[in-house]
Amino acid sequence: MEPIHIIVTIFIVILVIVFVVMQLSTYGTISTVLYTNLLFWLGCIPARATIVYAASQKLKYTPYITGLISFGFFQRFIREQYRMHKGEVANNGELGVGVSTFKTPVYWHDTRLVHAVLYGLYTLLNKYENSYLILLADLAMVGSFNLAHYIR
């Protein structure tokens, strides 16, 4: 099977899983913490892993995707910093600052800048043989950061 077919199949499965989790949340079947963790482990992590796989296969469109992702992380970080400066978003103590796409306070706001830099680095250095390791490091950081937050 071609790498592009594998990637498309994985993204379709991820979309179905995310849709099911969102439906469960809509009907109040699951808690907010469980909802965000399910979306993270069944949506975010597989999507990032798929991007790492695409980067390792040197697919020609991967740098464009990672460039957009880098820009998205960067603009979200700047926007939340601006909102905090204006007093629209308060420091939420244990949960950190900012609001995620899950509509809940997040503890990972400060890592958005790191993600922006790592995805941007890959975008700039994608011609090098092992440049996908930058994205793999980002994936490892995300998973370990989430585990560390909930284990403590």
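Quick reminder: no glycine exception, Cβ is built from N, Cα and C everywhere.
Taken from TrEMBL, the feature transmembrane segment applies to 6-26 (among others).
Panel annotation: around the transmembrane segment (38-55), residues 3, 6-7, 10-11, 13-14, 17-18, 21-22, 30, 62, 65-66, 69, 102, 122, 126, 131-132, 135-136, 138-139, 142-143, 146 of the same chain, lying at least six beyond its termini, place a Cβ under 8 Å from a Cβ of the stretch. What TrEMBL records for 38-55 (among others) is transmembrane segment.
The transmembrane segment annotation in TrEMBL covers 132-151 (among others).
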The transmembrane segment (6-26): which same-chain residues, six or more beyond its ends, come within Cβ distance under 8 Å?
32, 35, 38-39, 42-43, 46-47, 50, 53-54, 59
